[in-house]
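*Asks:* Attaching a single structure in structure tokens format; questions to follow.
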Amino acid sequence: MDGPSGSGKSSVSRGVARALGLRYLDTGAMYRAMTWWMLGQGVDLADPAAVAARCGEPVLVSGTDPDGPAIHVDGVDVAGPIRESDVTGSVSAVAAVPEVRVRLVALQREIIGAGDIVVEGRDIGTVVWPEAAVKIYLTASPEARARRRSAEVAGTTAQAHQEAMARRDKLDSTRKTDPLSMAAGAVELDTTPLTLEEVIGEVLRLVKERT
Ligand code: C5P
């Protein structure tokens with residue numbers, strides 16, 4: 001399940017995994033966890049060489065339970081801190097560093113290799129697991145995406161989210177290594193006019209049809 005921020009990937013992926021009794025992996029959380037660790041270490045995130053030099057150090061452990069996906073860095077539960085604005089504002093710079101991607105993609109492939117899983121990210125269908133049985137590219141209008149995100153985060157406006165998301169999407173889709181793009185053979189689903197239940201229903205239909 002790939003797509004830009006706020007397109008509904010997490011809610012849809014978790015809902016589909018629950019409905020089918022599958023595991024679930026949030027690859028964005030892994031890039032966020034790496035960013036959280038770099039910030040704590042005082043690494044200069046504007047310097048890709050500095051990020052590359054340190055990215056092998058933290059021990060990342062990702063849970064795969066759709067009801068409460070855990071993520072630990074060096075034994076510390078970071079599920080809360082990785083959603084803070086300092087991490088969100090810096091994650092695209094860290095995720096653009098090729099050495100970071102090589103390391104995290106290897107970890108992701110190890111987890112996916114155990115089978116039966118719904119995986120969300122930006123490059124899952126294109127790079128991480130192109131042989132996936134079902135590939136979905138979720139989209140939604142910028143307004144709908146910002147509205148959903150501001151409903152999730154108390155005290156924030158849709159306008160501020162729309163600007164921040166546009167910045168992040170631009171970085172994610174124009175970077176040199178593994179940019180966000182729709183995979184060959186992916187089904188594009190525009191979630192703008194649909195409820196969460198409708199999107200999950202459509203994905204379940206596609207899964208049934210293709211597996
Ligand atoms: O999905 P989420 O918004 O948590 O992802 C955070 C960031 O991690 C994205 O903006 C992107 O920079 C990066 N990312 C990525 N590749 C993935 C998943 C996320 O580059 N597969």
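Each Cβ is built from the backbone N, Cα and C atoms, and glycine gets one as well.
Marked as domain 'Cytidylate kinase' by TrEMBL: 1-208. Positions annotated as ATP binding site by TrEMBL: GLY3, PRO4, SER5, GLY6, SER7, GLY8, LYS9, SER10, SER11. Annotated region 'Disordered' per TrEMBL: 152-176, in sequence order. The compositional bias 'Basic and acidic residues' feature in TrEMBL is assigned to 164-176.
I would like each feature placed in context: is it buried or exposed, what are its neighbours, and how far apart are things?
*Replies:* Neighbour list (SER7 (ATP binding site), Cβ cut-off 8 Å, at least 6 residues apart, same chain): LEU138, THR139, ALA140, ARG145, THR191.
For the region 'Disordered' (152-176), the DSSP counts in helix, strand and coil order read 18 helix, 0 strand, 7 coil.
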*Asks:* For ligand 1, which among the binding-site residues SER5, SER7, SER11 have a CB under 6 Å from it?
*Replies:* SER5
*Asks:* If you count other C-beta atoms within 10 angstroms, which of the binding-site residues SER5, SER11 is the most crowded?
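*Replies:* By the 10 Å Cβ neighbour count, SER5 comes out on top.
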*Asks:* List, in sequence order, the residues of the same chain other than GLY3, PRO4, SER5, GLY6, SER7, GLY8, LYS9, SER10, SER11 whose Cβ lies within 8 Å of the centroid of the Cβ atoms of the recorded ATP site.
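*Replies:* Sorted by sequence, the hits are VAL12, GLU120, LEU138, ALA140, ARG145.
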*Asks:* Compute the average pLDDT of the predicted model within the domain 'Cytidylate kinase' (1-208).
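*Replies:* Averaging the confidence scores along the domain 'Cytidylate kinase' (1-208) gives 95.
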